[in-house]
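The structure appears below as structure tokens.
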Amino acid sequence: MDQSIRVMVMVMMMMIMVTAVQGGNGYEYDDDLSFSYYHGSCPQLERIIHNKMNLWLKNDSTLAPALMRLHFHDCTGCDASILLNHKGSERWAKASKSLRGFQVIDDIKAEVERKCPKTVSCADILTSVARDATVAAGGPFWMVPYGRKDGRISLAKEAESVPMGHERITELIELFQSKGLNLLDLVVLSGAHTIGRSTCDSVQYRLFNYKGTHKPDPSIDPKYLNFLRRKCRWASEYVELDAVSPKKFDVQYYKNLQKKMGLLSTDQMLYSDSRTAPLVSAFASQPSVFLHQFAASMVKLGNIQDYDADQHGEVRLNCNRVNAA
């Protein structure tokens, strides 16, 4: 690493440490949310979620990254709108067709309603589930502030704003900024790709016809390219996001980018773009910093609240549909 890059990494590391210690309990949270929100009305909430998650993940460990992804897709507003199941909703959008884990949320919600009826929002459940899924996969723990409401509106076009892996870095930066997230949040939350998988449909253009050239993306490591071409002959197949340690929540994702082994083009561009490359290098060499900052940025992500002015939100009794008028 040359001296200029070394200095940039040191500066970025200082930014990370400053950001990671902001706010109460080490993390930022919205003034409308509270760690004690359910202490009186549903004190057993986190225990219910934890126990249910253990049962589901014991039978299917692949649900951990799937549930994290479900939360990411919901957090254009973090109002459980992704869970609404009706024609024309986000859940029915093309961008949502590979989402999984809805049955886990339904199961937890049913148990919560039995113990604490008409009290806990689906949005709060999904946010807490994402935290427990992260921990189950080997990631960090963080305290979840509660008090979110469930949105009443869900439109398929909203799901199309979720990054799909072929955007430019500038577009991602602007999208994150529009939600109150910064460059640091973008790079560290992309690290969730240390686990889980993608459809081959999302990467085939990089393998066979990059930018209409009928050739592969030249930024892909040749050996990795050969592996992907064998793995992704069919668009309906799946491929691991991290080819080295796909079931371990670690910094291998960032090391892969340094070796030109990013699966999605948006992954690899994090290391080719001068604005984000120093952060990739910092996280690749500092696992403890990555884990701490991932927790801090997940709190920021979960605190996005975007309710339509005329519908303010509710506590849904069933996560699949709005309450009857």
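Glycine is treated like the rest: Cβ placed from N, Cα and C.
Automatic prediction, not curation, is the source of TrEMBL annotations.
Feature list (source: TrEMBL):
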ACT_SITE  His73  active site, proton acceptor
BINDING   His193  heme b binding site
DISULFID  Cys42-Cys116  disulfide bond
DISULFID  Cys75-Cys78  disulfide bond
DISULFID  Cys122-Cys319  disulfide bond
DISULFID  Cys200-Cys232  disulfide bond
SIGNAL    1-23  signal peptide
Of the disulfide-bonded residues listed as Cys42, Cys75, Cys78, the one whose CA lies nearest the CA of His193 (heme b binding site): Cys75
Residue among disulfide-bonded residues Cys42, Cys319 with least C-beta crowding, 10 angstrom cut-off: Cys42
Pairwise Cα distance for Cys122 (disulfide bond)/Cys78 (disulfide bond) [Å, integer]: 10
Entry from the disulfide-bonded residues list Cys75, Cys78, Cys122, Cys200 having the most other CB atoms no farther than 10 A: Cys122
Among Cys75, Cys78, Cys319, which are recorded as disulfide-bonded residues, the nearest neighbour of Cys200 (disulfide bond) by Cα: Cys75
Packing count at His193 (heme b binding site) (other Cβ atoms within 10 Å of its Cβ): 25
Among Cys116, Cys232, the most crowded of the disulfide-bonded residues [Cβ within 10 Å]: Cys232
Shortest C-alpha distance to His73 (active site, proton acceptor) - which of the disulfide-bonded residues Cys42, Cys116, Cys232, Cys319: Cys319
Spatial separation of Cys116 (disulfide bond) from Cys232 (disulfide bond) - C-alpha basis, Å: 46
Candidate disulfide-bonded residues Cys75, Cys78, Cys319, pick with smallest Cα gap to Cys42 (disulfide bond): Cys319
Cys78 (disulfide bond) versus Cys116 (disulfide bond) - Cα distance in angstrom: 21
Between Cys78 (disulfide bond) and Cys319 (disulfide bond), the C-alpha gap once rounded to whole angstrom: 13
Integer Å distance between the CA atoms belonging to Cys75 (disulfide bond) and Cys319 (disulfide bond): 16
C-beta crowding around the residue listed as 'active site, proton acceptor', within 10 angstroms: 20
